[in-house]
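K.L.:
Dropping a structure here in C-alpha cells format, bear with me for questions.
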Amino acid sequence: MTMTAHTRETTSMSDAQDKAGTLIEALPWIQRFAGTTMVIKYGGNAMVNDDLRRAFAEDIVFLHHVGIHPVVVHGGGPQINSMLSRLGIESEFKGGLRVTTPEAMDVVRMVLTGQVGRELVGLINSHGPYAVGMSGEDGGLLRAVRTGTVVDGEEVDLGLVGEVVGVDPAGIKDILDAGRIPVISTVAPEILDDGNGSGPTTGQVLNVNADTAAAAVASALGATKLVILTDVEGLYANWPDKSSLISSLTASELRDMLPRLESGMIPKMAACLKAIDEGVERAHIVDGRLPHSMLLETFTTAGIGTQVVPDEEVNA
C-alpha cells in the first residue's frame, strides 16, 4: 500500500500561530464583557460600502456568540438623500441644515425602518436567526421633543426634527432575553415637553439624531459600552493634525474641549459625554471605514479610536 504524505508550509503554520495568539489576546476581554450589553451606533461609510456592511454584520454576530448582548442603533442619511432625490423631493436648508418637512418625514420613516433596518437585519440573519428590527415608535421605545437650532444668533425651525428625551427599554430587554439582537431605527413619537420626558404624544413622528438616540438607549439599558462608528480615526486634539489623535480622555476633559470641536464631531462627542454622565462605563468613537474595527477596539490590548471614561476611574 502506498501512503501519500501531506506536509504543511512553514508560513501556514506561522499564520496559524499568529491566529492562536490573537485568540489568546482576546480571552481576557471576552471574559470581562461576557454577559454585558453593548450599544453600537451604526453609520457613516460602514453603511454604504458592501464589504464594510458585511464585516459589520459579522462583528455583531461574533459579539453575540461570545456572550455579549449587542444592541444596534442606526441612522441612514445617505440612503435618505438618495431616496429624496429619486422621488424628486427637493431638500430645504436653513443655515446649512436640512429642514424635515412632512413630505420628507414620510421618506425618512420609510427608508430608516423599511429599507436600512431591513437590510441590516437581513445581513445579520444571513448568519442565523438572530436580529429583530425595531423602530423608535415600537412599544413607546423612544420619546422625543421637537428641536430647532440657532444660526447667527437666531432660532431656526428645522421642521420634524427632535431630540430623544425618554426611553422605555422594556421592548429591547424582551428581545435580548429571547437571545436575539435588537436593530433600532431612529424615528420617535413626538411628545409635549413636560420637562421629564413623559408628556402626552402629539400624533407626530420625528427624525432624531442617531448618535444621541444611541446614547439614550445605552443609558436606559445600563450598557457597559457605547460604540459610535464614524468616518474618522477618532477625536483629534488639533484637527487636522493626524498625529494629535486622542486615545483616551475623561468626561471632564471632553466637556472642556466640546465647544472647540469641529461641528461634525460635536453631536458624536456630546453623545459620548451624555452616556458617561448617565452611568455607561465606556464610550468610544471608532473608525467604521476599517473592517472589523469594533472587534479591534473591544478584544485587543491596544484598542483603536478614542475612548471616554468617567473622571472617577482616573482619580480612583
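Along the chain as shown, the residues are counted starting at 1.
A Cβ is built for glycine as well, from the same backbone N, Cα and C atoms used for every other residue.
According to Swiss-Prot, the feature site 'Transition state stabilizer' maps to K41, K268. Taken from Swiss-Prot, the feature substrate binding site applies to G76, G77, R98, N207, supported by sequence analysis.
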K.L.:
Could you check the binding-site residues G76, G77 and say which one's CB has the most other CB atoms within 10 Å?
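P.N.:
Checking each of G76, G77, the winner is G76.
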K.L.:
What's the CA to CA span in angstrom from G76 (substrate binding site) over to K268 (site 'Transition state stabilizer')?
P.N.:
15
K.L.:
Need the DSSP three-state call for N207 (substrate binding site) to compare against my parser.
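P.N.:
Assignment for N207 (substrate binding site) reads strand.
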K.L.:
List the residues in the vicinity of the substrate site, defined as same-chain residues other than G76, G77, R98, N207 with C-beta within 8 angstroms of the site's C-beta centre.
P.N.:
G75, I80, N81, T100, V108, L112
K.L.:
Can you tell which of K41, R98, K268 has the least company, meaning the fewest other C-beta atoms within 10 angstroms of its C-beta, among these recorded positions?
P.N.:
R98
K.L.:
If you skip the near sequence neighbours and keep only those at least six away, which residues in the chain come within under 8 angstroms of N207 (substrate binding site), Cβ to Cβ?
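P.N.:
N207 (substrate binding site) has long-range Cβ partners T100, M105, V108, L160, V161, G162, T186, V187.
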K.L.:
In terms of DSSP three-state secondary structure, what is the assignment for G76 (substrate binding site)?
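P.N.:
In three-state terms, G76 (substrate binding site) counts as coil.
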